Amino acid sequence: MSFPEGKDILLMGNEAAKAAEAFQRSLKKIGHRRTQSIVGDKIITVSETVEKPTISKSTKVTTPPERRNAWGEKPDTTRNQTEEARNEATLEDTSRLYEEVFAPTSDGKTPAEEGMETPEKPKKKVTFKNDESGRYTKLEMEALELLSDNEDDDAESSVLTFEEKDTSALSLEARLESIDEKLSMILGLLRTLNVATAGPTAARDGIRDAMVGLREELIADIIKEAKGKAAEMMKEEAKQKSKIGNGSVGLTEKAKELNKIVEDESTSGESEEEEEEEDEEESNPDDDLYSLTM
């Protein structure tokens, strides 16, 4: 038995590949045809085309079944009539609403425009009117505003200082306005003082007594504080006297001994120096500058 050689095996493999490709192509086509290989040789394929069966379409029209109630009653025949009536009613209602919304009122505005307007603020039920009758009411109000001004919150506010405001135009009118403002302020202060002191006699006496009592309390507090300081100074002086004595300073026994030793040493040193100087003068009498030789 002879085995095939390598060339024969390669040829058989190529033919098998070509046959497989032809079979795949034949499946994609509708009818049975003979295909050709890449080389050009005709190859008879074993594939057979199977024709698709024709599906007969029925021309019968199927109608949906009618709805029936569970209790076997007949369907309502008046449903279509009610739907038509409802549609007509909705059209009439919408037209009526359209006329009501867009119909102008007596003011010439439609209700929609009136609704878009901003609502008015509620009016106050009680209104307080300032009684402006009088000659100095305006000045009095200005003075009260100045007196009620809180200087702690506003560093620039001051009741008792009258500094001119920084005006860009240094004209005569600006100066007159500033002078008028100062005068109105002064008159307002005088008016408030007049009102405060123009009460009955009992009220004025009460104010005076209160001021006098306040003054006496302040004086008593000052005197009390001064007396307390003086008493503290006297106590401190007494403590110092008890420590020092009569004011004379005395030495202790050890201090006295040390002082005596120091004094002895100082006196002995001075005497020795004096003796040495005398001996030198006696030994050298010719060294005197004032001695003259004839």
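Quick reminder: no glycine exception, Cβ is built from N, Cα and C everywhere.
In Swiss-Prot, the feature region 'Binding to host phosphatase PP1' is placed on 123-128, out of the ranges 123-128, 159-164, 201-206. Shown for the region 'Binding to monomeric RNA-free nucleoprotein' (12-28): DSSP residue counts in helix, strand and coil, namely 17 helix, 0 strand, 0 coil.
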